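Per TrEMBL, the features are:
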type     : residues  : note
SIGNAL   : A:1-23    : signal peptide
TRANSMEM : A:33-52   : transmembrane segment
TRANSMEM : A:80-100  : transmembrane segment
TRANSMEM : A:106-125 : transmembrane segment
TRANSMEM : A:151-172 : transmembrane segment
TRANSMEM : A:184-203 : transmembrane segment
TRANSMEM : A:215-233 : transmembrane segment
TRANSMEM : A:280-301 : transmembrane segment
TRANSMEM : A:322-342 : transmembrane segment
TRANSMEM : A:423-442 : transmembrane segment
TRANSMEM : A:448-472 : transmembrane segment
TRANSMEM : A:479-497 : transmembrane segment
TRANSMEM : A:517-535 : transmembrane segment
Amino acid sequence: MTVKILRKGLIAAALTVPGAALADVIQGGEKQATNWTAIVMFAVFVLGTLYITKWAASRTKSAADFYTAGGGITGFQNGLAIAGDYMSAASFLGISAAVMTTGYDGLIYSIGFLVGWPILTFLLAERLRNLGRFTFADVAAFRFAQAPVRIFAASGTLVVVAFYLIAQMVGAGSLIQLLFGLDYWIAVVIVGALMMIYVLFGGMTATTWVQIIKACLLLGGASFMAFMVMWRYGFSPEAMFADAVRIKTEIATASGKTAEEAAVAGQSIMGPGTFIKDPISAISFGMALMFGTAGLPHILMRFFTVPSAKEARKSVMWATGWIGYFYLLTFIIGFGAIAFVLTNPEFLDGTGALVGGSNMAAVHLAHAVGGNVFLGFISAVAFATILAVVAGLTLSGASAVSHDLYATVIKNGNPAPGSELRVSRITTIVLGIVAVVLGIAFKNQNIAFMVSLAFAVAASANFPVLFMSVLWKDCTTRGAVVGGFLGLISSVVLTVLSPSVWEATLGNPAGSAPFPYTSPALFSMTLAFLGIWLVSKMDNGARARIDRAGFLAQQVRSETGIGAAQASSH
Amino acid sequence: MEEELVERIVRDPNYQALKERRTRYGWVLTIAMLVVYYGYVLLIAFDKELLAARIGSGVMTWGIPLGFGVIIFTIIITGIYLRRANSEFDDLSEKIRREALK
């Protein structure tokens, strides 16, 4: 072995617990020899983005500039930025690794992440843009008593951001020590420091451009890899699949299976495997991914960066297109990894497993199809990817604290001039430090559940409140707050009681989890919607009358955009 | 927004048309998306064999075009909404705006 790496045995864990794929595959793996090509390329990316941050800083003067880049982003740019926000390193490395290991199951998994976008487009995107200014709480609290709804929305935002952020930081540390040969803690500190610089000085403008650049690099790199794989097979999918089945059959034969068993194992990558077990888990997990997409605060916030509802609509169209294209690429990359990586002894250790863990599938493939320089490029892109995602998350968390809690709840909507911006910058620093500390604290913890928990909370707390407040005339403040918190608490509690935390993280024996399903969304979302409906129906207080009376004006503005905040301050 | 303006917009037939058509269209497409995705998921949950069945003599199974089909469908249905929204709904919005701010 030329490259000395110890595995931590998380190989193939990817899809045994659905939802585990994301974080599971990006953990594990020890320090690698310092990769100078990758470091130089990453340094170029950092210098470029810091230069953009300097330019963005000169344009970031007001709170509107900080939160929404002054509303001057076009639909096309915003679509790329949304895609850049959404395509995390975990989905690039995790899904291609899952495809390499399990074949078809990786495709089922990635489809779940795509299908929420049309729903968001059809029901919410334009209305969000017409009603809100900086955060999704602006929309959810539009006609309600501000303080309680904002406190709820800020809680929902911070819980989602916290879990998503920890998952990204731990992933960043493990991945970077693997790809760059840097120590785990150094990697985490670099990510935290750069993210703070982008957000602090450049606000949404810098964050958006970091996301756009990263999306272009990632889409370009992934397109090249998929092209090289298809080229080898003369652009015939059948030839590629046939080769992959042949290789998987050979591997199964080598592991001591009979010819018949090996043939079945080989062909199994072409159909669904163990990912979808029972219908309830399947539906519940699908709901978390689908409606979670429409409740992620850092994604919703991106709709306020465009000048109109029309541009908001265009941004989701572009985002959906790019993300769908990206998942098609990762599927080809996963199959390419079977052919190029699993057959090359250079990438395998003594037991036939991948050097560095199965999460390295796409990285090794980059080496195989593009040599050392392209390997460095893909490693640098993976680092850049994490930076773009954490910057978006931090900005969203900071705006929940400064805009929703400080300016609206504490200062009753009348903060002293400049103080809101100051609070959001202080919050950015605090969040950055907390993220670094938690990233280091959670090293070696099983955090596989965190991304799916973030989606479950977004689907069960943020989405129902947003949906009902915008579309149901009888919704009241009390209903929204009670139902929202029911969804928030139940999704967290049920996740803790589910196998992925109860057994995998807390170490209880297999089969002992009180909540047997993969995802809580089916139950917690239902609970949230029922809570909102029932409490609103029973609510006949004075506030409830104001809430209901406000619906007509809200609807007019949500449909037409007349009176909508002109996010642009220029 | 002043109440008087809200009432004037609500009385505008263009507003009623926009509200009803866009809401109905949004729901129809939402339901189409839900049927396609959950149909796919339930098909896998109840009949894995069907998707693992080979199409012809090669290794290609029905699952591959079906899975790719769901991805393509997701993009296309978003495009379908966009087409109507960019023309019809935007025209109506423009008329309402001109009428209301006259």
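Each residue, glycine too, has its Cβ placed from N, Cα and C.
Not measured: the values here are computed from a predicted model.
With pairs at least 6 apart in sequence, the transmembrane segment (A:448-472) and the transmembrane segment (A:322-342) have fewer than 3 Cβ pairs within the 8 Å limit; the two do not touch.
Tallying C-beta pairs under 8 angstroms between the transmembrane segment (A:448-472) and each of A:80-100, A:280-301, A:423-442 places A:280-301 first. Counting Cβ pairs under 8 Å that are 6 or more residues apart, the transmembrane segment (A:151-172) and the transmembrane segment (A:517-535) reach fewer than 3 and are not in contact. Sequence-distant contacts of the transmembrane segment (A:479-497) (same chain, at least 6 residues past either end, Cβ-Cβ under 8 Å): 140, 144, 148-149, 151-153, 155-156, 159, 449, 452-453, 456-457, 459-462, 464-465, 468-469, 513-515, 519-521, 523-525, 527-537, 539. Against the transmembrane segment (A:215-233), the recorded stretches A:33-52, A:80-100, A:280-301 differ in Cβ pairs under 8 Å, and the greatest number is found for A:80-100.
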